[in-house]
Amino acid sequence: HLLQFGDLINKIARRNGILYYGFYGCYCGLGGRGRPQDATDRCCFVHDCCYGKVTGCDPKNDIYTYSEENGAIVCGGDNPCKKEICECDRDAAICFRDNLDTYDNKYWFFPRKYCKEESEPC
């Protein structure tokens, strides 16, 4: 669920998910095309690809379960599809955290007109 994704970003990357990543580069936020602009945008590209591999549930709307154990996010629940969504979200939040040092404000509200190059395959 997109709100849960925001929660995981807050917990893991210590950033407001929607504010920092809702409108960043060519892939962070709704849709995505072109070439990822930097490491953070690549996190979103990989997250989009991850969602694209999920079958049997709706990554943007289905609610999943997770817990925090020793500072780590552990995806759980009986539904393997929802667990997969959680893992996509968790991995993206970790990617954001690991690339905070290269986050570049010039890609915040990046004009989509610059995202015209052919997308690379997932």
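Placement of Cβ uses the backbone N, Cα and C atoms for every residue, glycine included.
Here is what Swiss-Prot records for this protein:
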ACT_SITE  HIS47  active site
ACT_SITE  ASP89  active site
BINDING   TYR27, GLY29, GLY31, ASP48  Ca(2+) binding site
DISULFID  CYS26-CYS115  disulfide bond
DISULFID  CYS28-CYS44  disulfide bond
DISULFID  CYS43-CYS95  disulfide bond
DISULFID  CYS49-CYS122  disulfide bond
DISULFID  CYS50-CYS88  disulfide bond
DISULFID  CYS57-CYS81  disulfide bond
DISULFID  CYS75-CYS86  disulfide bond
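Location within the structure of each feature annotated in Swiss-Prot.
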residue : record              : Cβ within 10 Å
TYR27   : Ca(2+) binding site : 26
GLY29   : Ca(2+) binding site : 16
GLY31   : Ca(2+) binding site : 9
CYS43   : disulfide bond      : 26
CYS44   : disulfide bond      : 22
CYS57   : disulfide bond      : 16
CYS75   : disulfide bond      : 19
CYS81   : disulfide bond      : 16
CYS88   : disulfide bond      : 23
CYS115  : disulfide bond      : 19
Candidate with the highest Cβ count within 10 Å, taken from the recorded positions ASP48, ASP89: ASP89
Pairwise CA distance, CYS57 (disulfide bond) versus HIS47 (active site), rounded so that it is a whole Å: 16
Disulfide-bonded residues listed as CYS49, CYS50, CYS95, least Cβ neighbours within 10 Å: CYS49
When distances run from the Cα of CYS75 (disulfide bond) to each of the recorded positions HIS47, ASP48, CYS115, the nearest one: HIS47
Rounded inter-Cα distance in Å - ASP89 (active site), HIS47 (active site): 7
Other CB atoms, at most 10 A from the CB of CYS86 (disulfide bond): 26
Cβ-based isolation winner (fewest other Cβ atoms within 10 Å) among the disulfide-bonded residues CYS26, CYS28, CYS122: CYS122
Candidates GLY29, CYS44, ASP48 (recorded positions) - the one closest to CYS122 (disulfide bond) by CA: ASP48
Neighbour tally for HIS47 (active site), based on other Cβ positions within 10 Å of its Cβ: 23
